[in-house]
Structures are given as C-alpha cells and as structure tokens.
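Worksheet: one structure, shown below.
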Amino acid sequence: MSKPLIEVNHLSKFFNLGNNQILKAVNDLNFSIAQGETVGVVGESGCGKSTAGRTMMRLYEPTNGEVLFNGKNIYQMKGAELKQLRRDMQMIFQDPYASLNPRMTVMDIIGEALDVHKLAGSRKERKKKVEQLLELVNLNSAYASRYPHEFSGGQRQRIGIARALAVDPKFIIADEPISALDVSIQAQVVNLLQELQRDMGLTYLFIAHDLSMVKHISDRVAVMYLGKIVELARSEDLYNDPRHPYTRALMSAIPIPDPEVEEKRERIVLGGDLPSPIHLPSGCPFHTRCPMATEKCKVDVPKFLEVKDKHFASCHYA
Amino acid sequence: MSEQTLKPEQFAKLKKSEHAGELVVRESISAWKDAWIRLKENKLAMLSLVVLLVITLLAITAQYMTPYDYKTNDLANTNLPPNSEHWFGTDSLGRDMFQRTWMGAGISLQVGLYAALVDLALGVIIGGIMGYYGGRVDEVLNRFCEVMYSIPSMLLVILLIVVMEPSMFTIVLALSITGWINMAWIVRGQVMQLKNQEYVLAARTIGASTSRIMFKHLIPNAMGPIIVTLTMTVPSAIFAEAFLSFLGLGVQSPAASLGTLINDALKAMTVYPWRMLFPAVLISLTMLCFNIFGDGLRDALDPKMKK
Ligand SMILES: Nc1ncnc2c1ncn2[C@@H]1O[C@H](COP(=O)(O)OP(=O)(O)O)[C@@H](O)[C@H]1O
Ligand code: SF4
Ligand SMILES: [Mg+2]
C-alpha cells in the first residue's frame, strides 16, 4: 500500500451535554487512508459516523487524538495552511435538501467556493468555471441561475458535488451521499463519484448505513459500533469472511439474490436497542446485543487485533 | 437497514439523452418572489399595504395640497370645525389641522421607522453573535439582555427624556435602549437553529469567513422572522411615542406627532371633538394596518407556520 494520505490516530469526540453527562460519539478511532483509496464506513444510525466525518473535516474540534493529512496534524494548522486544507479536504452531505442554501442561486452556491479562495479573476471567468463544474457532474449549465428548490434530490446532490470539486480537493468525505435518494438515482450518483475518482485521483471516505452499497465502491470497509471501529478489512474479505458478530448481523440483513441460498441461510437478528453513547456498556460494547456473548465479554474489553492479513476485528472470539 | 441490494450491472453509465428526463422545466423563482405571490393572494394584507402607502404618500405631499402650514398661528380663526378652507379645521391657536395631522403622521411614521432600524442593526449584530458563538459569550450577553428586559422600559425611557431634551432623536434613542432586545432574541434563536444546517457546514468546509457565513447564509435565511418583527416594532414604537406625548414628553410644539395632536385635543374633547377625530383615526388605522400586514407577511414568508 502506498503512503497514507490520511492518518487518524486515537481520534475522539465527546459532547458535553451538561449535568455531568458526556456523550461519547466517537471514541478512539484509528485508521488510515491511502492516496486514491476509498474507505467505507458503515454502522447503524447514531453510531457516530457523521461526527467522525465532521471531526475529520475539522468542523468540530476533537476531544482527543489527531488527524494527519500528508503527515501534518490538521488541528494545529492555522492561516494559509488551514486555508489550503479547506481546499484539499471537502465534504458531501447527506441531505440534499439541507445542504444547499435556499436563498442562493446555483451560480452563487458553487461560485462561493471560487470567491473564498479567489479562484476566478473576473465575473466572466467565475461564470465559465461554474458552468464547467456543472457539466462535470452531468448537469445542464443553463440552469446555473436557478434556485435549489427547483431541482430534484439527485440533481441537488450533484450540485453539492460540484461545489466540493470547485476547490480542487484531494480528499472527499461523503456522508451518506445517497441514502436520501431514490434507488434509481443512487446508482447514478455513486457512478459519478467513482468516475470523478478515476479522472481526478480523489481519495474518499464513504459513509453509509448500508453495507451492500459500501462494499461495492470501497477498497476497505470499517464497521462502526458505538463510536468505535469494530472491524476493518478489505471489502471482499469483510464480505466473504466477517469476523465480528456485529458485522455478521449487518451482513445477514442484506438479502441474497439467489433464493435457494437466501432460504437456507441463517439470519441474525439483533436484539435490543443501540445502547446510549452516554452510558457505554462495560467490557465489549457489543455484549448487550451479541448472540455469542460470554461472561468474559461483560468484563474484558476486546483488543482491536489483526485476525488475518490486513483484517482487524475487536472480538474475543474473532 | 435497507432491503435493497444493488448489483454491479445497475451501475451502468447513463447516456446523455437519459439525463433529459430529469430536467425540471419551470420558470425560475426565488423564495422571495414565491413569498410575494402568496402575499398578493392575501387581500386584507394587500389592502393594509395600500392604506399604509397612501398614508405615507399623504404625509409627504399634504404640505403642497393646501396654502396653509403647520405652524402659523391665526388667532382670529381658532377651533374651527372642518370646512372648505381648513379641511380638518383648526386648533386652539388657529393652526391648520390638515397640515398638522399629516405632519404628525409623518413624524409618527419616522419614529416607528427609525426605532425599527436601530432595533434591526443592534438586534442582528448582538443576536447574531449570541447565536453563532453560543457558550460563554451567549451566556453573558443573554444575561445582560434579561437584566435590561426586566427593567420597566417606560421608566428608563422617561428618565432619559427628562435628562435629555425631548426630541425625535431622544425618543428614538430611548425606545431603542430596550427595543433591540426582542430582535436580538429572535435573531439568536434563528441563528442557533440555522448554524447547524448542512449548507452552513458546507460553507465552513469551503473556508468561508465568519462574517461571510453570517451575512450570506444565516441572516438571509432568518430574514422572514426579522422582517415580521420589524413590522411589529413600527406600530409599537408609534404607540410608545403617542404615550410619551400624553406625558408631555413627545415632540415639542410647534412640531407635532399624532400623539401630541391627540393630547392637545383631549383638553377640549367635549367642545371640539373633530380636533381629536382625524389624528385618532389615523393613528388607529396606521397601527391596525401594520399589524394586519405583519401577520400577512409572516404567513407569506413562512407558509408552514400558517394555521
Ligand atoms: N452536536 C451534537 N451535540 C450532542 N450530541 C450529538 C451531536 N451530534 C451528534 N450527537 C450524538 O452523537 C451520536 C452520534 O451521532 P452521529 O455522528 O450523527 O451518528 P450517525 O451519523 O452514525 O448516525 C448520536 O448519539 C447523536 O445524538
Ligand atoms: S467480544 Fe464478546 S460480546 Fe463482544 S463481539 Fe465478541 S463475542 Fe460478542
Ligand atoms: Mg449521520
């Protein structure tokens, strides 16, 4: 593997809710992303995926840990260096209806990125660049003067992608970019993202709550549970040989196209609700819902270990 | 968890022609135009707007409509009822009431307008800071607002006017001392809500400055409640000024506001009721129209709020 573009070391983000309540949304994340790689992140809603992404974007200051971009800690960047980081790293958001300012035209939404970084010398150049960006994401450039509410969800998401691309980023965090879209549109947007990655050499962190989509586009996949990564492996390894019981449960929720196999296989249904990230369970955080849990699991925290070549999991019995 | 599985063959590239089906063909309209269309459908609000415009127009042009002015005494013609010369009659010094009433309307409208503008400036800046930064800054400023708000504002206003000369400047200043707090709270609430919207986060990932985020993203999206609050500030400032006039703290003679005219007329109300009639009707009409228009504006700007 080539040298990592992104290194995440012991990254934590806790929210102080007052009354001595600390919500541990992201709890000691460790992983890296190589140049040109796509790492998928999956996990139930509320497990801390967005918080992890936003902290990595430095939209939130971390409680602990560091994120290295090309070897430099992003949380220590200031001035010109931080400004450059704001070009190098971009984010695509989940809700295509909330991620575009309803009072701005598409021209201004995308043009803002050019304005902030002074990437267009004149109004004419700005217009030309915005139109090029719209065409890059397969949108008709004639619609630049329109407002977001005049577009469909899929079109809006492409406008968001064009905005992110305007500053010429190297690394993009996509936070469930397709989960709010119709299934027919989902494929188009994923397709576009993959195409852009090929053409522009982008590196992705692709967040999703659904394993079936992530494994299709990711080189490696991280499975998150209660603010921690519980399993990390190459997509095919994770899919063919999931080691963590939680991953297996996620996997069994994906229907298998072959009805005979579907019939015979065992479904693992998770009991109970996701525990509150304010009061984390002792021992293995998954023990309250794990079908394999033993007494040991309630006491001992499992280590995140390499169980096979480049395949990590945190379970005593992985 | 989604029940949908996506197979690789579904990820085929769309041909250019297939994108055509997704294009939305409709005339481009901004949220403001949209609101205007809704406002136009509200007949009562539009009528109020027209009445307010007519009052404003008359306040400006009335001085050219009759040969009299608002300050010349004519002791031979005091307390005349309305007639063809003096359309609204004359007051106890024989001054033309038509001129005085419209000049008063102009002053009252100006008091309302200036008070609203000061509230807007202070409220947006202070409320914006509270909402955006939150935490300690918000706590301290909010406590300050609460303290200011808990002082009976009329007491403060009266004290200030007694210390300074009563004039339009002092009155506006006095009304603004506590007037901005309401606006600041409205803006604070809006900004707190909006600052976590994904489009604001997107602006931050692009590296937009705080002032850019404030004035390009937060304030424009809070404009609805801000405008509605303004349309409510105007009539309440007009009313407060009228109240001060009753205490003799309004604008000083020979200038007049609707409040001072009513106060003057009050002394001889039973004998010369017409002196009271025109200013009283005008001030009521102005306030009523501002309130109806403000309500209509709120519904138009935020159709979700409509009950
Ligand atoms: N700004 C915040 N303040 C307090 N708690 C938050 C905040 N943002 C997220 N959380 C909490 O952190 C946890 C993780 O949330 P999130 O990162 O949005 O999860 P996901 O994206 O995986 O659905 C949730 O319990 C959520 O309620
Ligand atoms: S450590 Fe125990 S509780 Fe945790 S996942 Fe493994 S078996 Fe389940
Ligand atoms: Mg999320």
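A Cβ is built for glycine as well, from the same backbone N, Cα and C atoms used for every other residue.
Summarising the annotation, TrEMBL assigns transmembrane segment to B:44-65 (among others).
The domain 'ABC transmembrane type-1' annotation in TrEMBL covers B:105-294.
The annotation transmembrane segment is assigned in TrEMBL to B:111-132 (among others). Only residues 6 or more beyond the boundaries of the transmembrane segment (B:111-132), in the same chain, are considered here, and those with a CB under 8 A from a CB of the stretch are 138, 141-142, 145, 168, 171-173, 175-176, 179-192, 195, 210, 213-214, 218-219, 226, 229-230, 233-235, 237-238, 241, 257, 290.
Residues or ranges marked as transmembrane segment in TrEMBL: B:144-163 (among others).
According to TrEMBL, the feature transmembrane segment maps to B:169-187 (among others). With a threshold of 8 Å between CB atoms, the same-chain residues lying at least 6 positions outside the transmembrane segment (B:169-187) that come near it are 111, 114-115, 118-124, 126-128, 130-131, 145, 148-149, 151, 153, 156-157, 160-161, 219, 222, 225-226, 229-230, 233, 237, 240-241, 244, 249-251.
Taken from TrEMBL, the feature transmembrane segment applies to B:222-244 (among others). With a cut-off of 8 Å between Cβ atoms, the residues of this chain six or more beyond the transmembrane segment (B:222-244) that come close are 35, 108-109, 111-113, 115-116, 119-120, 123-124, 154, 157-158, 161, 166, 171-172, 175, 179, 182-183, 186-187, 190-191, 194, 250, 257-259, 262, 283, 286-287, 290-291, 293-294, 297-298, 301-302.
A Cβ distance under 8 Å defines the sequence-distant neighbours of the transmembrane segment (B:276-297), meaning residues of its chain 6+ beyond its ends; these are 39, 42, 44-46, 48-49, 51-52, 55, 88, 97, 101, 104-105, 108-109, 112, 227-228, 231-232, 234-235, 238-239, 242, 258-259, 261-262, 265-266, 269. What TrEMBL records for B:276-297 (among others) is transmembrane segment.
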